[in-house]
Amino acid sequence: MTNYAIILAAGKGTRMTSDLPKVLHKVSGLTMLEHVFRSVKAISPEKSVTVIGHKSEMVRAVLADQSAFVHQTEQLGTGHAVMMAETQLEGLEGHTLVIAGDTPLITGESLKSLIDFHVNHKNVATILTATAQDPFGYGRIVRNKDGEVIKIVEQKDANEYEQQLKEINTGTYVFDNKRLFEALKCITTNNAQGEYYLTDVVAIFRANKEKVGAYILRDFNESLGVNDRVALAIAETVMRQRITQKHMVNGVTFQNPETVYIESDVEIAPDVLIEGNVTLKGRTHIGSGTVLTNGTYIVDSEIGDNCVVTNSMIESSVLAAGVTVGPYAHLRPGTTLDREVHIGNFVEVKGSHIGEKTKAGHLTYIGNAQVGSSVNVGAGTITVNYDGQNKYETVIGDHAFIGSNSTLIAPLEVGDHALTAAGSTISKTVPIDSIAIGRSRQVTKEGYAKRLAHHPSRSK
């Protein structure tokens, strides 16, 4: 059995009120088009053809070389859109899935079941349908007394009886590929919309006494076509529920799953605990036994086993096992933390590698630095890495002790076991086993405070 796929992605999406093509709006971190394309992969199509139109280059860039593309210059209906794929698929033997690019909730399992139903029943066309409590706006499935599909009627063309029908057309179909393009040559624009309806091929097949079937979705949510921001929000809500449920089934604990935002490509190992209001985005991986507390935000990062991240932001960083971060820490892109590193409250790290068991507990900035293992970085330490034009590196050796309120002016190297005194400004190399003091001596002038305006004796 050879399968093909046509994805309809040419529309502007006027009701979205956006400069962005409709299919490029995101749901849980992926564009709607990407969600659809991933689901389509479940039928293993030999060839996928994406119909593009409005801002076509933007749409093409999302799928790149994963799909063939055809251009629909004028949007003259779904039938017209499918006609555009004729140059890619005409004459080929097999079954062709036609699906809209704005249906992000459709699953690969449902598409596979649709194809199997189509093949097993030897249909020339199979419609994916659903039962709607409120079918207004959808095309209705009209069956005869034997339950056979005889036609699909669009909302604007439906009579009073047809408008009461609850079974609706989801806009997804499977066709015998050759018969599809033969039938498309016979459809017209003689309807309320003045468009080429893809649904008209069903009546053509019926007139030729060819078999048309319908496969009913179990989950109505999968049929959702996103045409405005309201539907986009509904899709986001459903997708978030699916994602958190998947992770819970796989052994992840959520204290308040309704408040968590996790994107589609995030990976979470078993025995992770996630508190409320946590955001996980991009290609993030969370290792087993890790705890993410309330307010944590992580994007495109790898978090090792048994870490604790407390109300902190982590971007494009790698954390080994046993690392603790926060509260209120910020790990910026290019940060790597080895085993059992501790990054405490109000510490910012950027583009740096920090060795195992090193601690930076409070109020510190570490940028463009290579920090060894078992280093203590005192509160208020700053690596001065930027001169207004260029960035420079700071290197701190193993077991060094950086005193509180040290200012390290890069480029700079502090050797193994070296110490910088609290309050120092260090601008020259500190050799191994050395102590560097870069501050003025304290001068105490007894009694001088009485001369100052703030002293109580001055107010008499």
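Glycine is treated like the rest: Cβ placed from N, Cα and C.
Note that the coordinates shown come from a computational prediction; the quantities given were computed from them, not determined experimentally.
For 1-229, the entry in Swiss-Prot reads region 'Pyrophosphorylase', with the evidence type sequence analysis.
Long-range neighbours of LEU8 (UDP-N-acetyl-alpha-D-glucosamine binding site) (same chain, six or more residues apart, CB within less than 8 Å of its CB): VAL51, THR78, ALA81, VAL82, VAL98, ILE99, ALA100, GLY101. According to Swiss-Prot, the UDP-N-acetyl-alpha-D-glucosamine binding site annotation covers 8-11, LYS22, GLN72, 77-78, GLY139, GLU154, ASN169, ASN227, ARG332, LYS350, TYR365, ASN376, on the basis of sequence analysis.
Look at ASN227 (Mg(2+) binding site): DSSP puts it in coil. For ASN227 (Mg(2+) binding site), the same-chain residues that are 6 or more apart in sequence and have a Cβ closer than 8 Å to its Cβ are GLY13, ARG15, MET16, LYS22, ASP102. Residues annotated as Mg(2+) binding site in Swiss-Prot: ASP102, ASN227.
Marked as region 'Linker' by Swiss-Prot on the basis of sequence analysis: 230-250.
Swiss-Prot lists 251-460 with the feature region 'N-acetyltransferase'.
If you look up Swiss-Prot, you'll see HIS362 marked as active site, proton acceptor. Of all Cβ atoms in the protein chains displayed, 15 besides its own lie within 10 Å of the Cβ of HIS362 (active site, proton acceptor).
ASN385 (acetyl-CoA binding site) falls outside any helix or strand according to DSSP and counts as coil. Taking Cβ-Cβ distances under 8 Å and a sequence gap of 6 or more within the same chain, the neighbours of ASN385 (acetyl-CoA binding site) are GLY367, ASN368, ALA369, LYS391, TYR392, GLU393, THR394, ALA410. According to Swiss-Prot, the acetyl-CoA binding site annotation covers ALA379, ASN385, TYR386, SER404, ALA422, ARG439.
Among residues of the same chain six or more beyond the region 'Linker' (230-250), those with a C-beta under 8 A of the stretch's C-beta atoms are 16, 25, 27-28, 32, 104-105, 221, 224, 257, 260-264, 266, 268, 270.
Mapped onto three states, the DSSP output places ARG439 (acetyl-CoA binding site) in coil.
Spanning the listed acetyl-CoA site, residues ALA379, ASN385, TYR386, SER404, ALA422, ARG439 have a farthest Cα to Cα distance of 22 Å. For TYR386 (acetyl-CoA binding site), the spatially nearest entry among the recorded positions GLY77, ASN169, HIS362, TYR365 is TYR365, judged by CA separation. Computed over the region 'Linker' (230-250), the whole-number mean pLDDT of the model equals 98. Cα of ALA10 (UDP-N-acetyl-alpha-D-glucosamine binding site) to Cα of HIS362 (active site, proton acceptor): a span of 53 Å.
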